[in-house]
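Some features that TrEMBL has for this protein:
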ACT_SITE  Glu105  active site, proton donor/acceptor
ACT_SITE  Cys139  active site, acyl-thioester intermediate
ACT_SITE  His317  active site, proton donor/acceptor
BINDING   Ser230, Lys322, Lys326  CoA binding site
COMPBIAS  263-296  compositional bias 'Low complexity'
DOMAIN    23-196  domain 'Hydroxymethylglutaryl-coenzyme A synthase N-terminal'
DOMAIN    197-253  domain 'Hydroxymethylglutaryl-coenzyme A synthase C-terminal'
DOMAIN    300-512  domain 'Hydroxymethylglutaryl-coenzyme A synthase C-terminal'
Amino acid sequence: MVVPVTPAHANGHVDTDAFVHPRPKDVGILGMEMYFPRRCISEEDLEVFDGVAKGKYTIGLGQEYMACTDDREDINSFALTVVSSLMEKYNVDPKSIGRLDVGTETIIDKSKSVKTVLMDLFAAHGNTDIEGIDSKNACYGSTAALFNAINWIESSSWDGRNAIVFAGDIAIYAEGGARPVGGAGACAMLIGPGAPIVFEPIHGTYMANTYDFYKPKLDSEYPEVDGPLSITTYLTALDNSYSRFREKTAKAKKLAHLHCHANGHTNGHSNGHANGHTNGHANGHANGHANGEANGKSAHDPKSVFALDDVDYHVFHSPYGKLVQKGHARLLYNDFLSSPSSPQFSNVDQALLDVSPAASLTDKNIEKTFVAHAKSAYSSRVGPSMHCAKRCGNMYTASLYGGLASLISAVEPENLRGKRISMFAYGSGCASSFYALRVKGDTSEIRGKMDLLNRLASMKVVPCQEYIDSLKLREANHNAAAYAPAGLLENMWPGAYYLESIDSRYRRKYGRVPVA
């Protein structure tokens, strides 16, 4: 809210310092919506269709279903659908939005952004003053967009309005081993202060130049993929972003301790230096030492002040289910390296400490040991976040936030309140961040308005040939002009936007399926 006082200097210039905004508190997610195609295929059926061994996709990759769409939908229609649905469900005044950020890697124009298409939802209501634009780097663009929106609200440039973040992609692959890890979906989040789900300030980030997955062919929707490298790059990014997060957490705790100690020291002077300092130091040292030992955290590795047990749930970017399971086990392995003497690792072979970091990325003994060690925790702390991934497959930029939406939908609001959630964002090429959320309020409204689990269950499972036909239709008309899509509207959800036509100058026109 802007205080309506606008004093001017003698020269007539407005004193912008007079516009005082109360600093926003508890910036986070006020509302959330998911969108995914109406159709999906069974990975078990796909194993039969492709003539591969039973369990190759369902057990080997940990996949169950995969969402699919045809030429009636593109990234713009996804964005229009999910953002309009978010605004309608939460009765968002279009003029109340001051920033709109987009994260996607589904590129249909080398210049024009998805954000500009979304402006149709706001310009008609007289709002063209909306900051933000598209962010691109594989599946990480959504997190870059989210951080941009949060930073704007927490900055001196904030004008008191809320932000919306859109993330979405159509993940499809050429015929071959990568095709089963496709999917499609989108997410929209309403971001602002006073939120029930609040973002913590510490991010651990890792970025590097890798060629594990990339899309150099602009005449095709299909990526180039180095399968083995994509796995080791994901794990390397996880190791490093987690380590940076833990280091920054340790530094923050140390600074907080010094601040408290300084205050205690000052208070000790006023209340009696000897008693204040001696008691404060003795109690603080004893309690800190006792708590550290009780938690099984070594004083030798500063990172050990944070471990997986310090959060209640873990959400990962999910290219496919098995990699998420490996990633969760990998974090436990990192905790083991920091605190090998912790009681929880009493049955772990200490010889694993001698494996080099590079060798550990492909060490099957380490993988099996910690996957087994983490099995129970994975089921209770990661499993609830996997509903979207199991039904829709890989949603690229929407994957991580589909995981968060799944968790919100799967856990009763009274059980989720007060809990802490870790988030691992990853995009090939590569970019990654590890950060945390805290559930400070009631998530009932978000859960109820999404109705996610019921909507996922109501998706139509279609024959695999229908999926292949849809891909061929997209292939044949990629980059087409003067084109009318052939996909049937009956295959779309009521209220969804769809591609109506592309004219001879490649301008796209969209329609909307009538709401039932």
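Cβ coordinates come from backbone N, Cα and C, glycine included.
Shown on the structure are the features that TrEMBL records.
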{"residue": "Glu105", "record": "active site, proton donor/acceptor", "CB count, 10 Å": "27"}
{"residue": "Cys139", "record": "active site, acyl-thioester intermediate", "CB count, 10 Å": "31"}
{"residue": "Ser230", "record": "CoA binding site", "CB count, 10 Å": "20"}
{"residue": "His317", "record": "active site, proton donor/acceptor", "CB count, 10 Å": "31"}
{"residue": "Lys322", "record": "CoA binding site", "CB count, 10 Å": "17"}
{"residue": "Lys326", "record": "CoA binding site", "CB count, 10 Å": "20"}
Cα distance (Å, whole number) from Glu105 (active site, proton donor/acceptor) to Lys322 (CoA binding site): 23
Taking residues Ser230, Lys322, Lys326, which bind CoA in the record, the widest Cα spacing (Å, whole number): 13
Overall pLDDT of the domain 'Hydroxymethylglutaryl-coenzyme A synthase N-terminal' (23-196), taken as the mean: 97
Other same-chain residues whose Cβ falls within 8 Å of the Cβ centroid of Ser230, Lys322, Lys326, the recorded CoA site, in sequence order: Ile231, Tyr234, Leu235, Pro319, Tyr320, Leu323, Val324, Gly327
Listed recorded positions Cys139, Ser230, His317, Lys326, filtered to Cα within 10 Å of Glu105 (active site, proton donor/acceptor): Cys139
Cα-Cα distance linking His317 (active site, proton donor/acceptor) and Ser230 (CoA binding site), given in Å to the nearest integer: 13
